[in-house]
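In Swiss-Prot this protein carries:
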| type | residues | note |
| --- | --- | --- |
| ACT_SITE | Tyr117 | active site, proton donor/acceptor |
| MOD_RES | Ser212 | 2,3-didehydroalanine (Ser) |
| BINDING | Asn269, Gln357, Arg363, Asn393, Lys465, Glu493, Asn496 | (E)-cinnamate binding site |
Amino acid sequence: MEINGAHKSNGGGVDAMLCGGDIKTKNMVINAEDPLNWGAAAEQMKGSHLDEVKRMVAEFRKPVVNLGGETLTIGQVAAISTIGNSVKVELSETARAGVNASSDWVMESMNKGTDSYGVTTGFGATSHRRTKNGVALQKELIRFLNAGIFGSTKETSHTLPHSATRAAMLVRINTLLQGFSGIRFEILEAITSFLNNNITPSLPLRGTITASGDLVPLSYIAGLLTGRPNSKATGPNGEALTAEEAFKLAGISSGFFDLQPKEGLALVNGTAVGSGMASMVLFETNVLSVLAEILSAVFAEVMSGKPEFTDHLTHRLKHHPGQIEAAAIMEHILDGSSYMKLAQKLHEMDPLQKPKQDRYALRTSPQWLGPQIEVIRYATKSIEREINSVNDNPLIDVSRNKAIHGGNFQGTPIGVSMDNTRLAIAAIGKLMFAQFSELVNDFYNNGLPSNLTASRNPSLDYGFKGAEIAMASYCSELQYLANPVTSHVQSAEQHNQDVNSLGLISSRKTSEAVDILKLMSTTFLVAICQAVDLRHLEENLRQTVKNTVSQVAKKVLTTGVNGELHPSRFCEKDLLKVVDREQVYTYADDPCSATYPLIQKLRQVIVDHALINGESEKNAVTSIFHKIGAFEEELKAVLPKEVEAARAAYDNGTSAIPNRIKECRSYPLYRFVREELGTELLTGEKVTSPGEEFDKVFTAICEGKIIDPMMECLNEWNGAPIPIC
C-alpha cells in the first residue's frame, strides 16, 4: 500500500520510524504532510480537464496494459472492455511474491488453528458457524452465490454485457495483485489468459448490491475457474463455450482450480463489476462532455451569436475552474471564426431593433457545463482510486501476522460517483435539447428555416421535426434516469448488509444515460451540420438576390424613357439594404411572391423615395411611382431563374461563395460528419431519412471515431483563456 507514491509490498516489513518527513510502518508509507490523502486527491485535479481526457485517450490506445495493482487507469479499463480490441494484459512479475505470501499465510494460519472470517467461519450473518474444511467452504460459497438469472428468451437478455465483464475481470485482477487477499498468483494469470484470448464468462446482469462487493456476478467468474457445470463463457467469435472449452482456448493447461481457503472469498468479495462498468461509463462521459463544449461553440457560430459570452473576465470573476475551462475552449473555437465576423456585421445593422444578448442556452453554456465537468472529473478520480484499491474482507496483513476484518467491499464511492455523474449527464443533455430547440425554431434561430428544412418547397419538407420530437423523448428519459439510485437501499442478508452501495445498479443506470446522451449528441451534431450548410446556401442565395436586384435597378430605375437620368436611380442603395436585412428563407421558395416580405419591402423603398420626390411625381416622365410596375415585372422575369441557378450550383458543389466553416476551428468536426461518414444535407426532395444519417454518426461515436476530429478542433488551444488586452 502507498500514499506518497512509494509502494511497499505486503511481504516486507520495517519498524515504524520517521524518514524524510514520512511515517514508515511495517507495511505502508504515509506522507506525514498528507496523512489523510486529501492532498494527493487534490493534486490529481491539477491541470486542465481537456489534458486529462487526452491522457485517457492515449492510455486507451496503448497496445499493452501493465498491471501492478496501483496504476490502473480509466482509459486502460475502457480499452480492455472494448470487444475485439487487440490490447493485451501483462501482470507485473514483482507482484508475484506479495500475492503468494498472503496465500501462504492463509494456509499456514488455518493449519495453526487461527479463526478467520470466510476461512473457518460461515459468511455474513451466519459467520457464527465454524468449519475446518476450508476447501469445501469455498466451493459452497461459489455454489450459493450462483443465484443469478439469465433467462432463455431471445427478446430479453439478463446477461451482463461482455464489455462490462471484461472490465470487471481486469479490475479484479488489479486489486488482487496488491497481495492482501490470500489468493494464488496462478489464478490471476488464468483470468488474464481469458482476457488475452477474448474469452468472457457469462455474468448475470442483476443481483448485486455492491456490498459485500459484487458477490453474485463475481461468483460466475469463480464458477468458470472452478469448472462448475452451470458456468458458461463466450469465445472470441461469439460462440458459446463450456468451462472445459474456455480453458482449452485460453491455453490454461493446469485444469480447473480447486480453491484453497479464502480464495473464493477473494474472487467474489470486491467492487470490480460496479467500478469496472463505472470506468467504461466515465471514459465515454469525459469525451462527450468535451464534445458538448465544442458543440456549444459551433451552436453560437450557426446561430450568429455574440461571442462576448466567453470573455475571460466574466468567468474569472466566478472562480469555478470547470466554467473557466469551458468558456476558454468555446472562446478558442470562436476566436477568428468566419461566422463570428459575419455575425458582428449582422449585429451592427439596426442594433437598437435586436436583442442585446443571446438566450441562456447559448450565453450561459459555460456556466451550465462547468459544474457538470467538475462533477464528472471528480467522479473519474474517485473511480480511479477505487479500481486501484483493495476491496475485499478480511485483508491479509502478512507483516503484522493478522487478518483484518473491515468493510472495503462497500462500494459507496461507485454509487455516489455514478449518481452524481448521471445528474451531470442529464444536465448536459438538457442544455443540448435547449440549444437544439432554438436551432430548429425560426422564431429564435436568426434566419434559418423552420425545422432546418432545405427543400425548394417548404410545404413538402418538415426537416428535423421528427428529430425534435425524438430529442424531447431522449431528454425526458435522461432526466428520469437522473434520479438517485443510492437512496433506494434495502437491508439485505438477514440485516447484516443493512446498508449497501448499489454501485453496479447506479453504474448500469449511468451507462443507460450515456447511451441516451450519445443519441442526443448525434442528433444535435447532424442538425448543426445541416445549419452550417443552410448558412452556406443562405449566403449564396443572398448574394444572388443582391446581384439581381442591383442589375434590375440599374436597368429599370437609372434612366427614363428618353435615356435621361431618373430620380429613381437613388433607390438602388436602399433596395440592397433590404436584401441585406431580410432573412433569405422567408422568401427563398418564391422570391417574387407579393405575400412574402422581400417584394413588399422592395416596393416600400420605391414608394418612400416617391413620397419624397415631391412635385416631380406629378410628371409621368420623372415619377418614381410609375417605375414600380416595371421594376417588379423585370424582377419577376429574372430573379426566380437566378435563385434556382444558385440552388443548382449549390447542389452541384459549385457555389460562388465557399462554405465559411472551412475557415473555422470547428471545421474538423463538420468534415468528419460530412466527408468521412458520408452524410449529406437532408431535404424532403431526397429519399434519405434523418434517422439513416443519425445512425452513421451514432455508430461512429460509439466506436470512438469522433475523438480525433473533436481533438483536432482544439489542437491549437494552449490550455488558457485568451489574454485580456
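A Cβ is built for glycine as well, from the same backbone N, Cα and C atoms used for every other residue.
Features per Swiss-Prot, on structure.
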{"residue": "Tyr117", "record": "active site, proton donor/acceptor", "Cβ contacts under 8 Å, 6 or more apart": "Ser127, Asn393, Pro394, Ala403, His405"}
{"residue": "Ser212", "record": "2,3-didehydroalanine (Ser)", "Cβ contacts under 8 Å, 6 or more apart": "Gly124, Asn269, Asn393, Phe409, Gln410, Glu493, Gln497"}
{"residue": "Gln357", "record": "(E)-cinnamate binding site", "Cβ contacts under 8 Å, 6 or more apart": "Lys306, Phe309, Arg363"}
{"residue": "Lys465", "record": "(E)-cinnamate binding site", "Cβ contacts under 8 Å, 6 or more apart": "Val440, Asn451"}
{"residue": "Asn496", "record": "(E)-cinnamate binding site", "Cβ contacts under 8 Å, 6 or more apart": "Gly124, Ala125"}
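There are 16 other Cβ atoms within 10 Å of the Cβ belonging to Glu493 ((E)-cinnamate binding site). Mapped onto three states, the DSSP output places Asn269 ((E)-cinnamate binding site) in coil. The (E)-cinnamate-binding residues named in the record, Asn269, Gln357, Arg363, Asn393, Lys465, Glu493, Asn496, extend over a maximum Cα to Cα distance of 58 Å. Counting Cβ atoms from all protein chains shown, Asn269 ((E)-cinnamate binding site) has 24 others lying within 10 Å of its own Cβ.
For Asn393 ((E)-cinnamate binding site), other Cβ atoms within 10 Å of its Cβ number 22. Other Cβ atoms within 10 Å of the Cβ of Arg363 ((E)-cinnamate binding site) number 18 in total over all chains.
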